[in-house]
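Participant: This is the structure, below, for whatever I ask next.
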Amino acid sequence: MGPPLAQELTQACNQPLAATSNLQPDDGYKIELRAENTVDKYPAKQHARRVAAQIRQGKGLIFLMGQKSTLHEDSDQERSLRQRRYFFYLSGVDEADCDLTYDIKTDKLTLYVPDFDLRRAIWMGPTLERKAALQKFDVDEVNYHSSLDEDVKKWAKNQDPGSTIYLLHGSQGPAENPPNVIIDSKALKLAMDACRVIKDEHEIQLIRRANDISAAAHLEILRGITSMSNESHIEGSFLNTCVSLGAHNQAYQIIAASGSNAATLHYSKNNEPLKGRQFVCLDAGAEWNCYASDVTRTFPITHQWPSIEAKQIYQLVQEMQESCIALVKEGVRYLDLHFLAHNILIKGFLTLGIFKGGTLDEVKKSGASLLFFPHGLGHHIGLEVHDVSPQSIMAQGINDDSNNKLILPTCVSPCTTSSPALTSGMVITIEPGIYFSQLALDNAKPEQLKYIDMARVKNYMAVGGVRIEDDILVTKTGHENLTKVPKGDDMLEIIRQGKKGNDSHHV
């Protein structure tokens with residue numbers, strides 16, 4: 001790895017997170033992460049104003065419920081808290097049993113925290129106090145939960161008949177709906193989705209930190225992979241690094257898929273031996289202050305390419321990804337990048353002899369490439385790993401007849417219907433992949449099989465699957481890659497050097 005990227009990585013990871021962890025400086029990837037969050041208050045009030053502007057009403061009350069403390073079924077053990085993301089967006093509060101209201105007309109954001117419970121405090125520690133919460137969070141007032149219903153009634157009495165209370169869901173409202181108000185459970189979600197898709201600087205910094213921690217964890221695995229013998233060792237190492245650096249939650253379930261397991265897109269058993277397998281596909285991303293990272297690297301269990309076929313497929317996926325990333329900027333239609341990735345795959349497979357007997361357009365129209373690349377190029381990322389948007393970045397335009405076969409339901413998940421251009425402030429993933437799935441091939445359609453040389457495919461089945469994924473910030477002039485994990489030959493060099501010197505975490 002040359003000095004420029006090594007320096008960039010060091011700079012990105014040296015932003016203050018406190019509690020230093022110095023991971024393997026010998027290979028040029030010196031990462032110093034500190035676990036203390038020194039970023040300013042989460043901008044909840046700014047978010048509330050943005051949402052109100054999207055609702056386009058000069059008055060009304062936004063009412064949002066946070067996640068409640070709950071027990072596992074038939075158990076006295078509490079479930080781990082996962083805060084409701086819409087609530088977090090307007091509060092910055094990652095604690096259970098809180099609610100909020102925002103009076104649009106008076107611009108007043110009020111947080112409601114649990115009433116003091118002595119027994120719970122003795123067992124679990126004290127809950128938020130009003131004064132401490134007011135200092136910690138970007139809100140105008142903090143009240144105890146016992147006053148919430150009465151406060152809503154008082155608000156309603158002071159409003160004109162027909163005033164609106166905005167809810168995320170009809171089931172998440174006040175205990176009693178005041179008789180003189182309208183309950184709207186549609187407008188709020190649409191408004192919040194429109195706001196959440198464009199990240200402000202504070203949100204970008206949180207996603208950046210999540211990526212920096214994920215980078216440290218991925219690098220630690222590359223340095224130690226030659227001493228690991230099971231997928232579970234990879235998962236354990238990733239979790240250990242993340243938790244040591246203050247990231248106690250993962251943005252999604254870790255995928256540590258070796259060999260043919262990598263052909264299963266969301267494989268999660270992570271319990272099989274690595275011996276005799278060519279590649280590991282590691283899809284794993286830490287969460288920081290409720291914001292996700294989503295990072296995938298595919299690598300061999302030794303410091304060299306395990307076969308010529310493995311090298312060919314890896315380099316083809318890397319070309320797909322880097323070609324698409326290079327074109328990311330404001331105004332680009334994301335779906336066109338998805339089509340570009342398929343075009344590169346088809347050209348590559350024609351060259352390798354995996355596809356035969358047709359032109360690029362003929363193969364594309366048959367849908368043959370979908371057998372090997374069966375998902376969309378990527379998605380938004382933010383408070384959810386598949387973040388929300390009022391419109392899908394993967395939806396079909398009106399003049400895409402020649403590409404119809406390349407659009408599957410998975411391409412638009414989890415969003416909805418139409419496709420706008422990329423906009424500055426969006427954070428998206430670029431994650432092409434090539435998979436050799438026996439299940440997919442066994443269920444191929446005749447028009448797809450027409451262009452596939454199955455004898456040639458057999459030579460590639462042991463590759464399993466290759467996916468490479470980075471998180472990309474869209475800017476006015478282009479993009480910024482937030483993911484600082486090596487690929488290709490740089491990746492192999494990290495594996496070759498392995499662990500040198502002191503590999504402990506100083507946290």
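Placement of Cβ uses the backbone N, Cα and C atoms for every residue, glycine included.
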Participant: According to Swiss-Prot, GLU431, GLU469 bind Mn(2+) 1; so which of ASP294, ASP336, ASP361 is the extra one listed there?
Facilitator: ASP294
Participant: Would you identify which residue of ASP283, ASP453 Swiss-Prot lists as part of the Mn(2+) 2 site it also attributes to ASP294, GLU469?
Facilitator: ASP283
Participant: Is GLU431 (Mn(2+) 1 binding site) helix, strand or coil when read with DSSP?
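Facilitator: SS state of GLU431 (Mn(2+) 1 binding site) = coil.
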Participant: What are the sequence-distant neighbours of GLU469 (Mn(2+) 2 binding site), meaning same chain, six or more residues apart, C-beta distance under 8 angstroms?
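Facilitator: Correct list: ASP283, ASP294, VAL295, THR296, ARG297, GLN321, GLY378, THR429, ILE430, GLU431, THR483.
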Participant: Which residues, in sequence order, are found in the same chain with Cβ within 8 Å of the centroid defined by the Cβ atoms of ASP283, ASP294, GLU469 at the Mn(2+) 2 site, excluding those residues themselves?
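Facilitator: Surrounding the site, in chain order, are ALA284, GLY285, VAL295, THR296, THR429, GLU431, ARG467.
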Participant: Taking the centroid of the Cβ atoms of ASP294, GLU431, GLU469 (Mn(2+) 1 site), which other same-chain residues have Cβ within 8 Å of it?
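Facilitator: Close Cβ neighbours, site residues excluded: ASP283, GLY285, VAL295, THR296, GLY378, THR429, ILE430, ARG467, ILE468, ASP470, ASP471.
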Participant: Report the member of ASP283, ASP294, GLU431 (the binding-site residues) whose C-beta atom has the most other C-beta atoms within 10 angstroms.
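Facilitator: It comes out as ASP294.
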